[in-house]
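*Asks:* Before I ask anything, let me first share the structure, which is written out below as structure tokens.
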Amino acid sequence: MTAILERRESTSLWGRFCNWITSTENRLYIGWFGVLMIPTLLTATSVFIIAFIAAPPVDIDGIREPVSGSLLYGNNIISGAIIPTSAAIGLHFYPIWEAASVDEWLYNGGPYELIVLHFLLGVACYMGREWELSFRLGMRPWIAVAYSAPVAAATAVFLIYPIGQGSFSDGMPLGISGTFNFMIVFQAEHNILMHPFHMLGVAGVFGGSLFSAMHGSLVTSSLIRETTENESANEGYKFGQEEETYNIVAAHGYFGRLIFQYASFNNSRSLHFLLAAWPVVGIWFTALGISTMAFNLNGFNFNQSVVDSQGRVINTWADIINRANLGMEVMHERNAHNFPLDLAAVEAPSTNG
């Protein structure tokens, strides 16, 4: 009998680190994208928590009228927010070392830019990490593709829109009421409700919710019975069992009779493709809509489009929305300008004398 002894090659520290980073045996997969994701998301989360609790007021409009957003300065969970970086900073990269002092950095809303840029980098890396893990497990890449929809939406709101408007002060505040304020002002300035891409996004989100509820309820209801008629069907199953617990043919038959035959799927892959693609495509369109409106390619304007034979305007719903938009535009940034931009753009009549 011949024994062959091979000398085991010693792996370098870097090699062991690489193997650990890319190992799919870890409880949580790290991956090369995770190397960047972990510090960026930890930074964004830490600064968000600290700033939400204790950040001083921020001069958001650049007119020396600071706005308070933190809990220690009089806000609650609903009204609190990370106030966007000052209009005085605009789109300038504004790290701590660019300010004369930390107080100046806080006054100009530096934490907002820090949080947003780290957050966007972190979620982009999370998407890459999803692809990386799928690749190493021999899976297809569609999980990362689906996640690209919320990543695109966040990027549109926090980065593309401020770029188009010329200042990070136009970005969405990081808080509950700040989000609603952003939505109201966005409608006032861009008429987003009349934008086709927003309509597609609404159809995607609401339709996706409906399809998800229908699918979950059908799967839960169409069980493969393992018990007699005198026992509960639930008694025939154990939570987490490997055996299939529902019958897609039964679900197909039920739904086909409930609506019509071709409204239901008898192919599981086709069904789940629709469940994934519908909301993802809708949110893609919403992100695209935000990105186009960032550069003032706004929603449809049908103001005063219906007139009678005498030329008098017959108000439509579009005119009602327009008046609401003007009212909302008047209310926001009330000390930064005296009139809505739509009215301020009109030339004043010339006077002789």
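The count begins at 1 with the first shown residue.
Just so you know, glycine gets a Cβ as well, placed from its N, Cα and C.
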*Asks:* Looking at 70-85, 102-117, 118-133, I want to know which stretch Swiss-Prot calls transmembrane segment.
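*Replies:* Comparing 70-85, 102-117, 118-133 with Swiss-Prot, transmembrane segment matches 118-133.
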*Asks:* Please identify the range among 29-46, 245-262 that Swiss-Prot labels transmembrane segment.
*Replies:* 29-46
*Asks:* Please report, as numbers and ranges, the same-chain residues at least 6 past the borders of the transmembrane segment (274-288) whose CB is under 8 Å from any CB of it.
*Replies:* 142, 145-146, 148-150, 152-153, 155-156, 197-198, 200-205, 207-208, 211-212, 215, 265
*Asks:* Determine which residues of the chain contact the transmembrane segment (118-133) at the Cβ level, with the cut-off under 8 Å and only residues 6 or more beyond its ends counted.
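*Replies:* The answer is 24, 29-34, 36-37, 40-41, 43-44, 47, 141, 143-144, 147-148, 150-151, 154-155, 158-159.
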*Asks:* Would you list the other residues of this chain near quinone - those whose C-beta lies within 8 angstroms of the C-beta centroid of HIS215, SER264, PHE265 - in sequence order?
*Replies:* MET214, LEU218, ALA251, HIS252, PHE255, LEU271
*Asks:* Give me the largest Cα to Cα distance among HIS215, SER264, PHE265, the residues the record lists as binding quinone, in Å as a whole number.
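*Replies:* Pairwise Cα check on HIS215, SER264, PHE265 gives a maximum of 11 Å.
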*Asks:* Using a 10 Å cut-off on CB atoms, tell me which of the recorded positions TYR161, PHE265 is the least crowded.
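*Replies:* Relative to the other recorded positions in TYR161, PHE265, PHE265 has the fewest Cβ atoms within 10 Å.
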